[in-house]
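A.B. asks: Swiss-Prot feature annotations, pasted as is:
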type    : residues                                                                                       : note
BINDING : ARG48, ARG54                                                                                   : NADP(+) binding site
BINDING : ARG131, SER132, SER133, ASN243, ALA244, GLY287, LYS302, PRO303, THR304, SER305, SER306, ARG328 : FMN binding site
Amino acid sequence: MSFNTFGHMFRVTTFGESHGVAIGCVVDGCPPLIPLTEADIQGDLDRRRPGQSRFTTQRQEADQVKIVSGVMAHPESGAQVTTGTPIALMIENTDQRSKDYSDIKDKYRPGHADFTYEAKYGIRDYRGGGRSSARETASRVAAGAIARKVITGMSVRGALVQIGPHKIDREKWDWDEIGNNPFFCPDKDAASVWEAYLDGIRKSGSSIGAVIEVIAEGVPAGLGAPIYAKLDGDIAAALMSINAVKGVEIGDGFATAALTGEENADEMRMGNHGPAFLSNHAGGILGGISTGQPVVARFAVKPTSSILSPRRTVDREGHDTDILTKGRHDPCVGIRAVPVGEAMVACVLADHLLRHRGQVG
């Protein structure tokens, strides 16, 4: 299986399967002399970790990260810093229940990658989906923590802005609310509605989709390159690579189809520090290059395909059959996708920052 690596100057390769011994990543291209400890990474992993509320999978994984290579004690200060060599990170799997999948090992789960993996490779890991499991995203979050150390001066924050038909009230957006509820929701009132709504979804054994918004602030103008290395193109590709993501938009995205040219164009005036934009419909990117405004991206995740209702499918022998999925699953995978989306945007920004330095100094 190829294509487990993304990025150009800041390159991330992830490895491991849902029910394997461990998962992890190798980050290549990180500059030297950046302070980096396991604690710097653990905080981000803890935000994504499963089993923290009744609204996420009850698989209990500590997600304790171990730095295997790429760091050493600074010869003068003694602080642990990056050396410029590949940084290998490993996270052990400790709570696999492969027996939960033995009854369906010869059946293709609707909505999952079972059929397509076997069609391509002639073999698939039925134990939790193997590489196609959202378990893989812990490695991305670990890499994103390193990326954040590269893009100093920039902040990348995400929020859940919609679950099913229920959206936040943007007038009530408060970043301080993110840590006060289990949804990464910036609207206190919406979080209360979601709690009752998702309880109903969870108890019925069903699932629901969601929309996540990621905002990067402090991004300097000039990141990205025209045509085939656009910043928004790479952000879109990075977010689309996350499990269950079915749509991405930058700025006002699809809503711009209903706007006139006068409404959509971000007008400009001279400000105290040079040209300033009067709006940000473009989401901080024009012509594939950052404008200096906040970079805004949203992505939609589908409902978790593993639900308790029996569904029609076929087996590996080509027979029609029914399937009932057991195991432990997220009723809304969008919740834990928030730190994953942040990580992917951080990695893309780190990559483009290093590419920008290499091209223009």
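Backbone N, Cα and C atoms are what each Cβ position is placed from, and that goes for glycine too.
Please go over these features one by one and say how buried each is and what sits next to it.
C.D. replies: For ARG48 (NADP(+) binding site), the same-chain residues that are 6 or more apart in sequence and have a Cβ closer than 8 Å to its Cβ are ASP63, THR137, ALA138, VAL141, ARG336, PRO339, VAL340.
SER306 (FMN binding site) carries neither a helix nor a strand DSSP state and counts as coil. Of all the Cβ atoms in the protein chains shown, 22 others lie within 10 Å of the Cβ of SER306 (FMN binding site).
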A.B. asks: Per residue, counting other C-beta atoms within 10 angstroms of the C-beta, which of the binding-site residues SER133, THR304 reaches the highest number?
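C.D. replies: The residue with the densest Cβ neighbourhood is THR304.
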A.B. asks: Count the other Cβ atoms sitting within 10 Å of the Cβ of ARG131 (FMN binding site), across every protein chain shown.
C.D. replies: 19
